[in-house]
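Marked as disulfide bond by Swiss-Prot on the basis of sequence analysis: 57-288, 70-82, 105-149, 292-316, 484-488. The feature N-linked glycosylation site is assigned by Swiss-Prot to 25, 26, 38, 179, 180, 300, 494. What Swiss-Prot records for 551, 558, 561 is S-palmitoyl cysteine. Among the features that Swiss-Prot reports, topological domain 'Extracellular' is placed at 16-525, with the record citing sequence analysis. Per Swiss-Prot, topological domain 'Cytoplasmic' is recorded for 547-562, and the stated evidence type is sequence analysis.
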C-alpha cells in the first residue's frame, strides 16, 4: 500500500515542462569541415557546377564568329575560300577548328600570330575600312595572283591584300600612306614576298636588293627579301611573310618599297571592344543561348564555381579543379529516437533534433494540462537565416580575384615558353582551388558552430527569464515549479514571462517537493523495518507448524524435561 502511495505521490509532483531544441529532418546531405568529414546536415548547398549542355550557343543573344574551315589568318587576309567572312557582324566569341583547312593559301608565315590572337580576346567587332585602294598604285601591276589560291580554276590572291609587281619593265619606288581619322585603333596587315631565286625576283620586281619599310610614330620596320630555294608547299618554293600593327588614332602609317611589297587594301577598325576569345572546337553553332560558354559546351548556372573547363567566355562562375564544394546552410542533422519519447534521454538540443518542428531552425516544445506542441523561435531563426543567406555572396566576395586562364598559343619555336606558361597557369589554378576548398571548409565549421551557439543562446535566454521558478532537467528542458498554462508558455517564448507573478507559488512547491523527498526517506525506513519483522514472524510461524506436524505423526520425538 505504501509503494502505491509513493508512485501516486511522485506522479503528482511532476510539473509542466518547456524544452529548447532544434530542427531535424530526413536529409542525407553531407559536408566537410576543418575538423570533420561527411557531417550530415539538415540543409546544404552545392556551389560547384559540374555540367554543361555540350553545345556552342549564342552568348547573351549575340552569335559567335564561326570560322568554319578557315583560320584567323585566312579570315583577316581574305583567303578566297573564306569569302563568306569578308564582312562579318559583331561576334561574342570566335569559333576556330584545331587544324583549319584554309589559312595561308600562299605558303609563308604570320609574325606575332599568337599575339594577334590574344588581341582578339578583347575585340568583338572589326569594321573593314579601305585604306590603300588598289587603283592608287598606277605605276605598278596590282593583279598579281597564284594558283595556290586558285578559285574556279583561275589564279587568285588574298582578297584584303594587293600584291604589287612590276609594270612593264619598271618597278618605281612604291609609296603609300594612311592617316587614321576613324576615331579608333586600326589593325593593319602587310606582307613581304621572298622569291625562290634571283630570276624570279627580276621577273616580278625588276630590281634586286630591294627593301620594304613600314613606319608609324611608334614603329619602324625595314625588311630585306630573302632569296633562297625552299621546299615546296602548295606547289611553291617561295614564301610570303606577313606582319601587323595597331595604328593609333590620328597616327599615320607610311609604306615604302623598291619591290616585294604586299600592301594592305583594307584595314580593320576596332569598332567594339569587350570580353571575347577563341574557342578551339570542332563543333558548330546550335540554336541555343547562354551567358557562359566553354569549348565543351555552355554552362547555365547561378553557382559561384565550376570545374567544366578553364577557358570560359561570358558571365561565368570561377573555375576550380575541385570535385566537391558543398556549403552547410543548416544544422547538424541528428533526429531524435521517437520510441524513447520527447522527454526521455534524447529530448532537447543535447541529444537530438525535432522533426516535428518544421517552421524554424530553433524553437520550443511545451507540455502542460492543456496539451503539448512545437513552436519555432522566429526571431533567432530569422537572424540565422539572414546570415546564412549571405554566405554564398560572402564566398564569392572573398574569391573575387579570380585568376583568368587565357588560352594563349605559342609558335613551334616557343615550346619552352608554352610549357612554362602552362606550368604557371596550372600552379595558379592549384592555389586557387586550394583557397576555394579551404574557404568552404572554414565556412562550414563556422556555420555549424553558429547554429550550436544560437541554440545555446536561446536556452540561456529562457533560463534567465525563469530563474529558480523552474528546475533544469539537464537535457534542454525546464520543469516548472508552478502551473504554466498556454498563455504562460507563450510569455516564455516571446520573452515577456512575469517572474514575480509565479515566484511565491514556485517557492512553496519547491519547498514542498523537498519535504516530500525527506518524508519519503522515512517511509522507506519504516517499510524496511516492517518487511524485516514481518519476514521473521512468518518464518517462525512456518517452522512451528512444521514441527507440530512432524511430532503428531511420529516423525519427530519431542521430550520436555523439567
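Here the Cβ of each residue, glycine as well, is placed from N, Cα and C on the backbone.
Not measured: the values here are computed from a predicted model.
Among the recorded positions listed here, namely 25, 26, 149, 149 has its C-alpha nearest to that of residue 288 (disulfide bond). Among the disulfide-bonded residues 105, 488, the residue whose Cβ has the fewest other Cβ atoms within 10 Å is 488. The closest partner of residue 57 (disulfide bond) among the recorded positions, by CA position, is 292; the full candidate set was 38, 82, 292, 488. Around the Cβ of residue 38 (N-linked glycosylation site), a 10 Å sphere holds 8 further Cβ atoms from the protein chains shown. Note on the glycosylation sites 25, 26, 179, 300, 494: the fewest other CB atoms within 10 A surround the CB of 26. When the Cα of residue 38 (N-linked glycosylation site) is compared against those of the recorded positions 105, 179, 316, 488, the shortest separation belongs to 316. In this view, residue 82 (disulfide bond) is surrounded by 24 other Cβ atoms within 10 Å of its Cβ, with every protein chain counted. Neighbour density around each Cβ, counted as other Cβ atoms within 10 Å, peaks among the disulfide-bonded residues 70, 149, 292, 484 at 484. Per Cα geometry, 292 is the residue among the recorded positions 292, 484, 494 nearest to residue 179 (N-linked glycosylation site). Minimal Cβ crowding within 10 Å, among the disulfide-bonded residues 57, 288, 316, is found at 288. Remark: residue 180 (N-linked glycosylation site) has 186, 247, 248, 249, 250, 251, 252, 253 as non-local neighbours, by Cβ distance under 8 Å and separation of at least 6 in sequence. The Cα atom of residue 70 (disulfide bond) lies nearest to that of 149, taking the recorded positions 25, 149, 316, 488 as the candidates. A separation of roughly 39 Å, to the nearest angstrom, links the Cα atoms of residue 105 (disulfide bond) and residue 300 (N-linked glycosylation site).
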